[in-house]
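Everything on this sheet refers to the single structure shown next.
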Amino acid sequence: APAATAHPAEVGLPVSLRKHFRPGPEAPLLPGACEGRCPDPPGSLPAGLWLGVEWDNPARGKHDGSHEGIVYFKCRHPTGGSFVRPNKVNFGVDFLTAVNNRYVLEDGPEEDGKEQPVTIGNKPVETIGFDSVIKQQSQLSKLQEVSLRNCVVSCAGDKGAIAKACPNIRRVDLSRNLLSSWDEVLSIADQLKHLEVLNLSENKLHFPSVSPSLAGTFPALKVLVLNRTGITWAEVLRCAPGWPVLEELYLKSNDISISERPADVLQTVKLLDLSSNPLIDENQLFLIAHLPRLEQLILSDVGISSLHFPDAGTGCKTSMFPSLQYLVVNDNQISQWSFINELDKLQSLRALSCVRNPLTEGGSGPQTTRQFIIAKIGQLKTLNKCEILPEERRGAELDYRKAFGNEWKKAGGHQDPDKNRPNEEFLAAHPRYQSLCLKYGAPEDGELKTRQPFLLKNQLLTLKIKYPNQVDQKVTEKQLPDSMTIQKVKGLLSRLLKVPVSELLLSYESPKMPGREIELENDQQSLQFYSVENGDYLLVRW
């Protein structure tokens, strides 16, 4: 049974491994194998030595480790296995060999210390200082950062050799290699006492069934990347005592299910990435809700659709996730505003990324959705990596207050504070509405009249224009469309006042907020964006 062939770039990494190897040029990168000499009865494999291979991607295999009824090895998937001859494979190299292959210069003649010419296409390119950088990197004892991605590293090598050759390494990328066990990782890391960042992604690792001894610790490790390693949550907790100062832990695409609460481990973690683990649900999140220093939680593509903090009622803050400042929930199944309402209960939340969810891809439009999220989460400073400026928050909250004003009145809301008693159903759907009424005043009946969108007269704002720095200019009154951009308003005023547009500075005051002046900074935004209303004062300076 010949091995499958494919371009190496398409190949997965090891699954359950006894040995590791890379095929020669005629075959793809293969995972580890179990070795055995095949018998030669009728119906069996051809005589000779074969390697049984289980692929990471079962679509690349052809069987489950059996051939014509004879089981040679077992696979996790019925099509995950292949057979291959030993002469087709390479069992990898040790860590130090890979470092030498990547960084050490071979001895060669030098031309009076001059830079060697480099040609890109047909054009010669002068490289200034490039040779000195290469020479510096080739001095292994000075290396602090090493990238060995896809370098077929399979073992630590001779004991103590790494510590002797390159003791000052602080950051190592060992992703997409042929490491098969956590013990082998410990054999490497134990020689790197200053190691702060370690990436082991795409190595299918076998983790210990009992906690490693304290001798196998990472005393300085701050960032650990274990994406696509096959680690379970129980194995994370089992190994975590060896990461006493860990700050960032990446566990993407491991089919993790959070099965128990961390007890005396992961207490220093500030960032936790659980993306693309579809078994995670909101109840499991409560098991990590009391990590004291967790500031960033990444939950993209986990399939979450709902969230409820049972310890906090409407308008209250939860005790869960006390330090969480940044939450990422992209590519999920969030379709209800109740999810966003719950996020306002997080006492430290300042930044949110929530894109490619049914709620954000709906028919209300991205700008309206953004405004509603801003209005619903009062302490938010950044949304989808865009800063929320004070004027944007004010506009969003005023528009939200107006948009649900009629619903508020029908539910029992009233401009008179003594009569303002909206029902529980409204308050549950709009937890911040009452606080917005306290901040800006209850919506007036005139604000809540249904607009006739296609009549220009219903879109005109009557504004009083003042010139604070020009005492001889009288206050004038003008009607302007609420859709008019600040740039066009400046153009109109420039023609009336004979003043260059570049010199005009605009702001406005509202009788509802006496003593507060709002700058109209963004020329591309409309008057409506800034929530300018009938009767407001437009202040013009130059």
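Heads up, the Cβ atoms here are built off N, Cα and C, so glycines get one too.
Note that TrEMBL annotation is computational and uncurated.
Now, the feature entries from TrEMBL:
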- 41-85: domain 'CAP-Gly' (DOMAIN)
- 461-540: domain 'Ubiquitin-like' (DOMAIN)
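DSSP places the residues of the domain 'CAP-Gly' (41-85) in helix, strand and coil in these numbers: 3 helix, 16 strand, 26 coil.
For the domain 'Ubiquitin-like' (461-540), the DSSP-based tally of helix, strand and coil residues reads 15 helix, 26 strand, 39 coil. In the predicted structure, the domain 'Ubiquitin-like' (461-540) carries a mean pLDDT of 89.
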